[in-house]
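K.L.:
Annotation comment: TrEMBL describes B:60-81, B:93-112, B:124-145, B:157-176, B:188-207, B:219-243, B:249-267, B:279-301 as transmembrane segment.
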Amino acid sequence: MSLNTQIRTLLTVITEAAIEQVLVRDLDRLGVRGYTISDARGRGSHGVREGAWTKSANIRIEIVFPRAMAESTLLHLQATYFANYAMVAFLQDVEVLRSDKFE
Amino acid sequence: MIDVVVLFFLFGLAAGLLRSELKLPVALYESLSVFLLVAIGLKGGQGLASQALVPLLPQLLAVVVLGLVLTLIAFLILQYIGRFSRADASSMAAHYGSVSVATFAVGVNWLMTRDIPFESQMTIFLAVMEVPAILVGIVLMRGVSRQTRWGALAHEALLGKGVTLLLGGMFIGWAAGPDGLAPIKPLFFDLFKGVLALFLLEMGLIVSHQMDELKKRGLFILSFAILMPLLGAVLGIGCGILLGLSLGGVTLLATLAASASYIAVPATMRLAIPEANPVISLAAVLGVTFPFNILIGIPLYHRWASYFIGVAG
C-alpha cells in the first residue's frame, strides 16, 4: 500500500522568546490556522542563547501550509523583525498526509 | 557579617565563572520568582490591612516622580556623556528608572535579619515604581506619537507577570489579614529566606554569564552601573526622609531607587524599542548594578540613611 502524501511547505522560525506573543498575534492576523512552538537553545550572531532564563531564551515555531502562504508569511517576518531581532527562518518542502489540515 | 543568602549568590557566581556544569531547571527559577513575588506581596498586604490607605496616595505620587527623575537623569548621562544612540540611551534609562524585585527582596531580608522594621507600603512602592520608567523610556525614544501602541505597551507594563503577582499577593494579604494568612504562613513567610537563597544561586549563574559582554563594553558602562545606583540611593534617601519614613523604610526606598530592572523592563523594551541593543543594558544591570547593590549597596545605603536621618532630625 502506498502513502497518499502531498507536498506542503514547512516554515521554521527560530527567534527570541521575548516576541512570542506579538508573533502569535501576527500569525493569527495572517490567517495561519495552526503552528507548533517549542523552546530552543543554541548559538548565533546574537551570542549563546541558553534558554536557561526567559530573557535570553529562544523559541522555534513550525508551521506547515501551502507554499504561497509560507512565502507571504516569511516576507512579513523579514520586513517586520529581521532588522532588530535574533531571527532565523527557512522553508522546506515536506510530505504530509491529511493535506486539508494544512490549508 | 555577610548574609547567608548573599553567599549563595557568590556560590552561583563562582560556579558560573568556573564554567561548572551547574544549571538549575528553568521551571525552578520561574517557580522561585513566582514564590518571591507572592510572598513579598502577601507581607505588604498584611501590613496594609491595619492602616488607612488614603494618606498613601501622596507618597505614591512622590515615588512615581522619583522613578521619572531617575529615568531622565540616566538618559541625559547616557546620551550626552556616554554618547549612546538615542535608542540605547532610552532603553537603558528605563532599566535604571525602574526597580528590581530581587534587590528589594535582598534588602527586605537584610533588614529582617537585623530586626529593623520598615513600612508595609514599601511593597506598593515596589509595584508602582516598575512602570513609569518604561513609559518615559518610550517617550524619550519616540516622542508622543500616534504610532506607539500605548494600549499594548500599558498592558505589557501593568499586567506583566511581576506586577500582577505582586498586586495579587498584596490584595490577598490585605483581604485576609494576619489571621487569614496564618495557615499559609509556614510556606510563604517561614521559607522566604531559603527560597531567596536558591533564587540568588541562579542569579549568580546568570550574572556570571554577563561577564564576557562586560569586558567588551569597557569602563563607561562599569562606572555608570555603579555611579547611577549611588546617585539613585541619595535621591531615594532624600525622598524617604521627606515622606517621613522610618530608617528601615528610607533604606528600602534608597535600595529601590538604586536598583535597576532586569525582568519587566527588558521584556517591554525589546518590544517597544527593538533598535536598542538588549545586551548592553543587561550587562550593566546584571553584571554590575545587581551584584553591587546586594554585596555593597544595601549596607551602605543603610549607613547613609542613618546618617542623613540623624542630620535631618
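Even glycines carry a Cβ here, placed using N, Cα and C.
Any idea what these are sitting next to in the structure?
P.N.:
Among residues of the same chain six or more beyond the transmembrane segment (B:219-243), those with a C-beta under 8 A of the stretch's C-beta atoms are 59, 62-63, 66, 69-70, 73-74, 77-78, 81-82, 96, 249-250, 253-260, 280, 283-285, 287-289, 292-293, 297, 300-301, 304-305, 308-309, 312.
Within the chain carrying the transmembrane segment (B:249-267), a Cβ under 8 angstroms from the stretch's Cβ atoms is held by residues 33, 63, 66, 70, 94-96, 98-104, 107-108, 111, 116, 118-119, 122, 125-126, 129-130, 133-134, 137, 156-157, 160-163, 228-230, 232-237, 239-241, 243, 278, 281-282, 284-286, 289-290, 293, 297-298, 301-302, 304-305, 308-309, all 6 or more beyond its ends.
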K.L.:
Thinking of Cβ pairs under 8 Å, which stretch from B:60-81, B:124-145, B:188-207, B:279-301 has the most of them with the transmembrane segment (B:157-176)?
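P.N.:
Most contacts with the transmembrane segment (B:157-176): B:124-145.
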